[in-house]
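These notes are about the structure you will find just below.
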Amino acid sequence: MSEQERIQDCLRKEIRSLLISTKDGLTPQQLEKEYLLMVGNHLPLRILGYRSTMELVLDMPDVVSVCPGGDGTVILKAIPDESTKGIASLVAKQRRSHKVRNSMPKGRPSICSGRVPYRGRVPPILPAVVKSELKDLLALSPVLLSDFEKAFARRFGRSFQYMQYGFLSMFEVLNAASDVISVEQTRAGSLLTLKKSVSEDKQRGWPAGKVFTQPFRMKQQGSYSTGFPVMKAHFSQPISNMEPPKQVLSMAKTPTFNSVEASRLNHTEKLNQLESTFKSVIAQIGPGGTVDPELKRKIQFVVSKFPQGLFISKLLGEFELTFKEQLSPKQLGFLNVTELVGALSDILRVEFSEERQDLLVFDADLKPLPSGGPLSSVRNSCLVQPDKKTEANPWTSSLSRNSLSTVAVKKTTWDCPLKNQKEPEQKIYKKPNLVVKPLQLQVETNKPQLSLSVANHDIPPDAVRAKKLCRLPPLDTSTLVGVFVEYIISPSQFYIRIYSRDSSELLEDMMIEMRRCYSNQLVSDRYIMPEYFIQPGHLCCVKISEDKWWYRVIIHRILGKKEVEVFYPDFGNIGTVQKSSLRFLKCCYTKLPAQAIPCSLAWVRPAEEHWTARAILHFQKLCGLKPLVGVVDEYIDGILNIFLCDTSSNEDVYFHHVLRTEGHAIVCRENAPSKGFRDFNPPALYTNASSAGDMVLTDLGHPAQQHYLNEDQEILQQAQQDINDGKCISYLKSAPKELLKDSKLSSLKTHKSCEEDPRWSILQPKDLKEENEDEVPTGMPCLESVTIGDDVWDENWLPLQAKMGKAGSPASQLFTSNLVGKKQYQTGGEMAQKDWCFSTSKDIWDDSWQPLGLANDVKGGIHTPEGPIAQEKNTSTTRIQQQPDLQYPLDSSTLPKLEEFYISLIKSQQSAERSQSEPASIQTHAGRAASKALSSTPAVGDSPENHSGSVESSPGSLKKEDVSNSRAEATAKDKSQGAIDQLSFILSPQHQISQKLYIPRSTATAVLGAAARLATSRSLLHWYPSVKGGKLEAERDGVK
């Protein structure tokens, strides 16, 4: 039983015992007091997740019975169980005390009692300041009730303490604010929104289609009933939608010119009385009725000091200067000063100035400026519209005799179309007549669309207006990433999206959040883009009706009145959408950089002048909808040149090889600028470069991989220093590139031809058999195939760093330690069936392992290794310094570098006996033994004294590793020929067994599998030739 269940079970017993001991029950307040006296602590409401005592007892129907009291209170009585029935019966038989009985009133209670019975606690009134804050919060967007506390704290910097206002729960607060807040039930929960004006109009009971607000001038003439004068008034409907609505009081019969003067006067008095009634009733029920009359007079006094009008933005400042006190609209319950002025339309009049593009406030008692003055009509989002005369009719002519020559009709609206129309205004006398189309200020106060901008459209404060997305930071050369090809124009012009935790997964999370946000109809309507914001280069979002998702888009060009062409910065494609589907993008959705990266396939150019349709179609089929392995080559004019490889099949597919084999492309060793992106590059036009410290793809920098890359740089720097200091072991000097134009290392001829090996043709790709050496550039990047066993790929494996030379000195290059699928030298013992793990122990360079020193034996300058291969337990990296002979200079770019190789570890599954003395048996069983092997040859530094011909003499040798012993013995047995054979078999990819490579989806993109060993244009992979034949062309073709 959990702690919470134990507390609840104990609480049920305590409450039952308290209520059983009371014959007449307890109220919730009495229960709290009794519990505090008995236990010494308050009821554990918060611990159990309850907000009030009533919620607690209602959740215990088997313990507490809620009964209504005679005076309207709630009485809680206990429901006894089997063990407490006897106690309950005894308590029920108890007599009431004499004192209590005497205090009870005798006889029937008096009907005319002067005491009002208690009907329960009356909920307090929500203060105007709190109501204003709630309106301010919900004006931005609706808020779920579960998120209300967080939203309020984020908006105002404090929590919403409703208890200090006298409320017991949030439910009472919402009831008190029901005039401005409505609660809607959605799937996500209760949604709090601002109430619409239409609902208020219906609640007031006005006729359909008519909206009544305060008139411009109201005189207090006593209190009037809100019933009969209002309901007797009938108004005619507007004649036309184009004309301003004119309200004319319709009467059963119009008085004729020959009517009696007394009758006419009586009728006029009735009309005046009706007019006053209208003004009084509307003023009393509107928001302006809550403003203190003394404050109204002060505001009117300030405005009256400016006959030419006071700008609404200066009203608060002038009020403070005049009366030395601040005027806060929020403390009065208004959202802003505009809402306050709108509520005081009985004493203030508002006009819009075309010259200053601002609102002017006038005293309603003052006459306006004559027509043609600096003031003109108020357009959309303003408070009033120009005056218009009503048509002459018998009723207005009769009213003109009663000191009114003209009926000034003030038409005001919030929903008028955008027009720069200027119409003459009519003079408003001190006592205006009926309002033809009433001012809709009180109706609109609850709408968040109040705006004083001249643009006359409500723009959400968090909407993106003139902001651009950032691009992803450039990737380092030789970085290995997982990519999706999103949009293809040609092999020289396509877009990729990096697959990682901090790129693709963040994009998915953002799209899910955008769908949740914009799917709300209220939010979607609020973020509609007006016509004048739809301009090329504007960042916004759009929903695709086919898949119901929202995407970030950038407007590229406007196609017509209804359609625009947009660019998708996260996917790279361009599409056509409707203008009506565009929405403002919230600022929080601009933090994620644009995910689409413009790319060009490295080292290829079209066979003809342009890419053919068949070449593009074939490239699209290669990419498909699957993750690919990509290695960064370089950036040219901001375009990423990248190699692509598909590792999902049994054999790795290199896209540049396939395009060249099909005759669609020519492989070259240089990257040419993309012509397509040079003509049109949307990311360069519409996005900004990422900042220096903005590293988004942190998934490429997992602690393991980032540590690995950092140590790579340190090792390379230290290795370069060792080269300069002469500490390294016989480095090769770089040869000029002219010596490598033929790309044939004819000097390194071997004794046996690889073509004679029957397994050579089997393992060699068919499409690469007939390729000529001249057609394949030197050092083409390749991805080594790896046999996958039954072990589980460990995502936390990380490459280790190489050490060479003396203890603690770094190795400049790391040997390819993946021996999977290659021929192995083994003894007659079985391969160890155990898991190997990476070790961070420092490995010392063994001078006896020098593969290119062995190669010198071919040319006669034999350089014999000085001892066996030393090994260390629980290490998985082989430290090798590859050094060609100085007699055969090579290009330094063909030497493998540290970051070209990734190390994999595969368990051995099958046992095979190998003969130590017969190399032929080694070759025979090599294919079978290559399926499962150790992924690396651990190297341990030996002192010069320990260099002997047997592996047992090595202090770092393994005790129970037959594979390592056999390899060491074979190397020590035949240092010249056997070591060369071993090296050639290790480095020869023709003797691999290509099996399917599985890439776990959750694995970091920098570790995309055991076969993730690619060379790049700056770090070319160079396979050293074997001694199996005199021709190297077939071997190099197999590598390619």
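Glycine too: its Cβ is placed from the backbone N, Cα and C atoms.
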Practice prompt. Select, from Ser328, Ser943, the one residue given the annotation phosphoserine by Swiss-Prot.
Written response: Ser943
Discussion item. Candidates are Ser809, Ser988; I want to know which one Swiss-Prot annotates as phosphoserine.
Written reply: Ser809
Fill in: DSSP-derived helix, strand and coil totals, residue by residue, for the domain 'HTH OST-type 2' (122-197)
37 helix, 14 strand, 25 coil
Worksheet entry | Helix-strand-coil residue split for the domain 'HTH OST-type 3' (291-365), DSSP-based | 31 helix, 14 strand, 30 coil
Worksheet item: Tell me, what is the mean pLDDT of the domain 'HTH OST-type 3' (291-365)?
Response: 84
